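Working notes for the structure below.
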Amino acid sequence: MSDENYRDIALAFLDESADSGTINAWVNEFAYQGFDPKRIVQLVKERGTAKGRDWKKDVKMMIVLNLVRGNKPEAMMKKMSEKGASIVANLISVYQLKEGNPGRDTITLSRVSAAFVPWTVQALRVLSESLPVSGTTMDAIAGVTYPRAMMHPSFAGIIDLDLPNGAGATIADAHGLFMIEFSKTINPSLRTKQANEVAATFEKPNMAAMSGRFFTREDKKKLLIAVGIIDEDLVLASAVVRSAEKYRAKVGK
């Protein structure tokens, strides 16, 4: 068959059906199955509104749950007051909360914390002594008052790696100091590992979060300033610099 025949075949697709229903169905079938914060915000708002809920209040409750109890809502209900268990049961029902290996349209507590990280970083400052790795513990490890806003994996989502003078990389390393302790706490098999081995378990997810484009660079800058990681001149807080130095020493960077 000649090149011209192949060209005619391709051109004939001009007359092929391109109905929106079929195309949209394919879009859903082929959609990225990883974490999409925009989609999580959309689903939370839609599901909460559909049930007549104060969905913003529910978001805050889900974040607090995630910060202090983890990512398994059904399991945590077994060791909770009757009133607390009832609230969690309602959240599970309304928002179809899941755990484990979620698909694109699955809402988990950790995904809520990550998607709504502007509130998560505020809650961390209030809850620092109720977290799996406490603020006091991190202060002892860092040798300074460790930035509370960094004390959750979701913080990676507001790190701007393109900040001038390597500030973004320094923030990422400072956050890594917490992530080493957090990873060992939630995964006992890592407790006997070297720091660089533990770091290897979270580096890729952290990089994916830092590379996300849900929040603009301007958004990230505003958030980092708001929680005291950088100042208006984009200068790092001294505690961030010290924490990053500790991390680098631990992992041999």
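Even glycines carry a Cβ here, placed using N, Cα and C.
These features come from Swiss-Prot:
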| type | residues | note |
| --- | --- | --- |
| BINDING | Tyr32, Phe35, Val68, Lys72, Ser110, Arg111, Arg191, Thr201, Lys204, Ser211 | RNA binding site |
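Features per Swiss-Prot, on structure.
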residue : record           : Cβ neighbours (10 Å)
Val68   : RNA binding site : 13
Ser110  : RNA binding site : 20
Arg191  : RNA binding site : 10
Lys204  : RNA binding site : 9
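Under the DSSP three-state reduction, Arg191 (RNA binding site) is assigned to coil, being neither helix nor strand.
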